[in-house]
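According to TrEMBL, the protein carries these features:
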type	residues	note
TRANSMEM	12-36	transmembrane segment
TRANSMEM	56-76	transmembrane segment
TRANSMEM	83-107	transmembrane segment
DISULFID	148-169	disulfide bond
TRANSMEM	202-223	transmembrane segment
């Protein structure tokens, strides 16, 4: 009976971790594609230039793949050491995410102020050599969200030392339209506009945020259950 339970948990855990590993492969692939085709895509921070969408996806994908591989190997070989390693790694990630979430909600106002200051500093790198990712990111955000600057379009005046904005701020895009009068530019602040968009899509963000820890808890449950079953089977055989 103990052996039958062990086999059932073994194949369930293997299937779970195989999907986990494949998901990591997908995330890693998207990250590599972004890095190869878009440069440091979506790098908005001047303080953390390496904190780009591509780099985050590559790191996350590689880490998920490594954890999934350890889980698959531990399940198929019924190895207590690998199962315990998988459990501890997943638990570490879970606790880290929980800590970040608590700190984020506890210091939301401070994070808001710091983020806006950092983004404004990042504007000075717009259009400069070696900052294609940041330039593309701002162009996409301002075009898609119909906004201009972090707090308002005057943020760009300090960057250019003139009354002008990037062409992506224009109501109707044309070459050098950023040199025209302010009446031809988007007035909405990008920081608040994106923040409102996230709040409006809170359900989708919340579902994703809820699914992630649920999947991790499921993985932790599988790992500990199988670990206990392997210990029982070893004791029974002995």
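Yeah, the Cβs are placed from backbone N, Cα and C, and that goes for glycine too.
Curation does not apply to TrEMBL; its annotations are automatic.
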Other CB atoms, at most 10 A from the CB of residue 169 (disulfide bond): 26
All-chain count of other Cβ atoms within 10 Å of residue 148 (disulfide bond): 29
Long-range environment of the transmembrane segment (83-107) - Cβ separation under 8 angstroms, sequence gap at least 6: 17, 63, 67, 70-71, 74-75, 212-213, 216-217, 219-220, 223-224, 226-227, 230
Positions on the same chain near the transmembrane segment (12-36), where near means CB under 8 A and six or more residues out: 53-69, 71-72, 74-76, 86, 215, 218-219, 222-223, 226
